[in-house]
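I have placed the structure first, in the form of structure tokens, so that the comments after it can refer back to it.
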Amino acid sequence: MNPQFRNMVDGMDPHKFSYNFKNRPILSRRNTVWLCYEVKTKGPSRPPLDAKIFRGQVYFELKNHPEMRFFHWFSKWRKLHRDQECEVTWYMSWSPCTKCTRNVATFLAEDPKVTLTIFVARLYYFWDPDYQEALRSLCQERDGPRANMKIMNYDEFQHCWNKFVYSQRELFEPWNNLPKYYIVLHIILGEILRHSMDPLTFTSNFNNEPCVEGRHETYLCYKVERLHNDTWVLLNQRRGFLCNQAPAIHGFPEGRHAELCFLDVIPFWKLDGKQRYRVTCFTSWSPCFRCAQEMAKFISNNQHVSLCIFAARIYDDQGRCKEGLRTLDEAEAKISIMTYDEFQHCWDTFVDHQGRPFLPWIRLHEHSEALSGRLRAILLNQGN
């Protein structure tokens, strides 16, 4: 057998899949990399879908990494289908290493008829600046071929279970915290690739009109600064945006609010307890009672971090939301209503505006003034 194909298998047993594809962001002793692939071709004479698995070791020679084994196999397969456009999908236990990432970029550049989507269970060395730059080069090349990288969510794990695992018709049983780990990795990948928000998404969700219908999602944009010589210095690698997770989406049976998703990812930043940090959030809705309580608890447990919250609108479910805002205020979080300056800052920083300036909607300033007065009354416990 060709040595490149020795580690090509048709399927894996359930325990091996759950062990190797577990998506906890930091995992030790997972040195085997699994790559499940699907290859589809376009056109009326397309051959059937090809789907198998390669495996390799992280610390072995580069030629033994599963990505390189796939390329070796694919080069032979491609000779039979040279003129056809191909859609290649990978499902990987680890994202490609730095060298493999560069080889993936070369592979795509040499064959423009191939598109590649990479779903990863975990991110390899995501804190390393060189690795972050390699991922950006692979996924953000504007004038050339690029890969589309995503974090595996419940649907992808279930697909792999059904497609590549000898499950004997057993249902996929997600492990504890699968959806939470997905959100953390999704946010981290967004930070690395510097994802931007669609302009319509921003203007629709951050519009501060007092009466909005159908705005059930909460968007949260954030940035982090570190105090250096009495000056706040922006940490460019620590900014991004996210939204709440709706019920039954990505494995969340009850959903998860944006603020809680945000708190989930902060521990993975490894903020130095000897330094001072300022975290600023720009939210389409102010926090609900539970989220406000959790954010206040975070501040109390992390004295080296200060929190500033700018909200486009005030969330009020006629419950304890006002009490939650007062709890945040008492915990010394700075809570304010977004004004034109904050909307423009978010537009310039978090939106894929393609060079277009921020255009304020009618009565933006008037709505901000009214909401600011209402927030002051809530924090002073007036009329409650």
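The backbone N, Cα and C atoms fix where each Cβ goes, and this holds for glycine too.
With Cys97, Cys100 listed by Swiss-Prot as binding Zn(2+) 1, the candidate from His65, His72, His81 annotated for that site turns out to be His65. When Swiss-Prot is compared with the stretches 137-144, 201-208, 313-320, the one noted as region 'Interaction with DNA' is 313-320. Checking the candidates His257, His304 against Swiss-Prot: the one annotated together with Cys288, Cys291 at the Zn(2+) 2 site is His257. The average pLDDT computed for the domain 'CMP/dCMP-type deaminase 1' (29-138) is 86. Set side by side, the recorded positions Asn244, Glu259, Cys288 differ in how many other CB atoms lie within 10 angstroms of their CB, and the most is found at Glu259. The Cβ neighbour count for Cys291 (Zn(2+) 2 binding site), using a 10 Å radius over every protein chain in view, is 25.
Neighbour density for His257 (Zn(2+) 2 binding site): within 10 A of its CB lie 19 other CB atoms from the protein chains shown. Close to the recorded Zn(2+) 2 site, the chain also has Thr218, Asn244, Ala258, Glu259, Leu260, Pro287, Phe289, Arg290, Ala292, Glu294, Tyr315: residues not among His257, Cys288, Cys291 whose Cβ is within 8 Å of the site's Cβ mean position.
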